[in-house]
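Peer 1: Attaching a single structure in structure tokens format; questions to follow.
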Amino acid sequence: MNTQTALRLGVNIDHIATIRQARGTPYPDLVEAVRIVEEAGADIITLHLREDRRHIQDRDVEMLRERITTGMNLEMAATEEMQAIALRIRPQACCIVPERREELTTEGGLDVLGQEARLKAFCAPLLAAGIEVSLFVEPDLAHLDAALRIGAPVVELHTGAYASAAPGPDREAHLERIVAAAAHGHARGLVVNAGHGLDYENVLPIAAIPVMHELNIGHAIVARALFTGIGEAVRAMRAAMDRARR
């Protein structure tokens with residue numbers, strides 16, 4: 001029996017906003033960027049409203065909620081402020097991530113084991129509002145089991161350690177953890193996504209995991225867009241993911 005699921009591409013637009021915020025200009029226009037990204041094959045648009053507002057701004061979330069035609073995946077910390085924003089904006093999906101002001105980017109998965117009760121209470125009103133809630137977790141079986149107890153229907157596996165490892169035994173070991181975690185979560189009814197640090201090469205083994213549902217990728221796509229344009233960068237990532245599934 002073929003258990004392979006259709007693989008979705010979530011394009012993270014944070015670093016398009018980073019370029020805008022570097023000079024405080026009205027460009028690049030995120031609405032136009034999203035239009036091109038969606039036409040090029042993105043299945044969902046991901047954006048992270050950080051507490052320090054270093055790239056995505058509140059007005060972006062409000063405006064894009066009305067303009068995105070595929071779906072909005074709002075990444076956010078588990079704070080009262082972010083919960084209130086999500087309940088007001090009602091994105092199609094939200095991903096709960098850990099956050100530290102001094103980090104350059106999200107550095108790891110949520111400590112779901114250490115704050116299980118808190119996360120369950122945090123997620124409950126989001127789920128009740130019809131928002132698809134995912135938890136950004138390490139590829140660890142105990143964390144996936146905790147996500148189930150919390151009630152989140154989706155997990156996003158943190159691929160940062162895999163992506164940062166040099167090709168060879170170390171990266172293979174990280175890949176094996178991700179494969180095992182994906183199978184474990186899928187067997188227990190979780191929808192399994194993945195993301196962080198994925199590029200046009202290291203995405204291939206992750207995309208090849210049969211039960212993987214969605215990959216969220218941003219920095220590599222925006223970096224390639226400097227040379228090819230954002231539409232072609234998205235199409236190239238979509239093509240790489242499709243090759244891995246053949």
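Any Cβ shown, glycine's included, is placed from N, Cα and C.
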Peer 1: Out of GLY71, GLY185, GLY189, GLY197, which one does Swiss-Prot list together with ASN12, ARG23, GLY218, HIS219 for 3-amino-2-oxopropyl phosphate?
Peer 2: GLY197
Peer 1: In the structure shown, with every protein chain counted, which of the recorded positions GLU75, GLU156 has the densest set of Cβ atoms within 10 angstroms of its Cβ?
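Peer 2: Output for this query is GLU156.
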Peer 1: Taking the Cα of HIS48 (active site, proton acceptor) as the centre, which of the recorded positions listed as ARG23, GLU156, GLY197, GLY218, HIS219 lie within 10 Å of it?
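Peer 2: Candidates kept after distance check: none.
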Peer 1: Fewest other C-beta atoms within 10 angstroms of its own C-beta: which of the binding-site residues HIS15, ARG23, ARG50, HIS219 fits that?
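Peer 2: Looking at the binding-site residues HIS15, ARG23, ARG50, HIS219, the Cβ with the fewest others within 10 Å is that of ARG23.
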Peer 1: Does anything in the same chain, at least 6 positions from GLY218 (3-amino-2-oxopropyl phosphate binding site), have a Cβ under 8 Å from its Cβ, and if so what?
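Peer 2: Listed in sequence order: VAL11, ASN12, ILE13, ASP14, HIS15, THR46.
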